[in-house]
Amino acid sequence: MSENFHILLLNGPNLNLLGTREPETYGHLTLNDIVQSLSADAQALNVKLTHFQSNAEHELINKIHAARGNVDYILINPAAFTHTSVALRDALLGVNIPFIEIHLSNVYSREPFRHHSYLSDIATGVICGLGAEGYRFALQAAVNRLS
């Protein structure tokens with residue numbers, strides 16, 4: 001069904017602190033827990049999943065650029081860059097790879113500055129507020145769209 005698809009999972013700043021950073025907002029799972037679970041799901045779907053996390057905007061942009069011609073779909077939790085990064089937006093537009101924006105928390109139930117995303121209007125879809133399960137939904141949605 002999904003043979004040979006390559007999906008890139010990108011996680012932005014401070015997500016390396018998951019499990020200990022504001023667990024009442026982001027949950028108790030670590031980023032490694034989420035990635036391991038998603039990798040197992042990807043394997044079951046016969047999809048190659050590559051993961052990269054960085055606290056540096058330029059490193060995420062470089063990964064997006066390198067994905068051009070090599071990746072079929074991007075799943076991205078841009079974290080705080082959601083609300084600030086025109087550069088990340090331009091990189092995603094530049095490579096023309098479909099992507100799904102993911103947020104662990106419901107950004108619309110939080111501070112007003114979190115209500116704006118520079119990425120949502122160019123994303124295939126946005127998943128927020130469903131915790132780590134949102135990553136699974138995004139993976140399945142990407143595979144469905146590619147199949």
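A Cβ is built for glycine as well, from the same backbone N, Cα and C atoms used for every other residue.
The site 'Transition state stabilizer' annotation in Swiss-Prot covers Arg21, and the record cites sequence analysis as its basis. Residues or ranges marked as active site, proton acceptor in Swiss-Prot: Tyr26. Annotation source Swiss-Prot lists substrate binding site at Asn77, His83, Asp90, Leu104, Ser105, Arg114, citing sequence analysis. Swiss-Prot lists His103 with the feature active site, proton donor, giving sequence analysis as the kind of evidence.
Features per Swiss-Prot, on structure.
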{"residue": "Arg21", "record": "site 'Transition state stabilizer'", "CB count, 10 Å": "11"}
{"residue": "Tyr26", "record": "active site, proton acceptor", "CB count, 10 Å": "21"}
{"residue": "Asn77", "record": "substrate binding site", "CB count, 10 Å": "25"}
{"residue": "His83", "record": "substrate binding site", "CB count, 10 Å": "16"}
{"residue": "Asp90", "record": "substrate binding site", "CB count, 10 Å": "14"}
{"residue": "His103", "record": "active site, proton donor", "CB count, 10 Å": "23"}
{"residue": "Leu104", "record": "substrate binding site", "CB count, 10 Å": "23"}
{"residue": "Ser105", "record": "substrate binding site", "CB count, 10 Å": "18"}
{"residue": "Arg114", "record": "substrate binding site", "CB count, 10 Å": "17"}
Q. Using DSSP and three states only, what is His83 (substrate binding site)?
A. helix
Q.
Please identify, among the recorded positions Arg21, Tyr26, His103, the one with the smallest Cα-Cα distance to His83 (substrate binding site).
A. His103
Q: Work out the three-state DSSP category of Arg21 (site 'Transition state stabilizer').
A: coil
Q) Cα-Cα separation of Leu104 (substrate binding site) and the residue listed as 'active site, proton acceptor', in Å? A) 6
Q.
So among Arg21, Tyr26, His103, all listed as recorded positions, which is physically nearest to Arg114 (substrate binding site)? Use the C-alpha atoms.
A. His103
Q. Among Asn77, His83, Asp90, Leu104, Ser105, Arg114, which the record lists as binding substrate, how far apart in Å are the two most distant Cα atoms?
A. 24
Q) Per DSSP, Tyr26 (active site, proton acceptor) is which: helix, strand or coil? A) helix
Q: To the nearest whole angstrom, state the Cα distance for the pair His103 (active site, proton donor) and Asn77 (substrate binding site).
A: 6
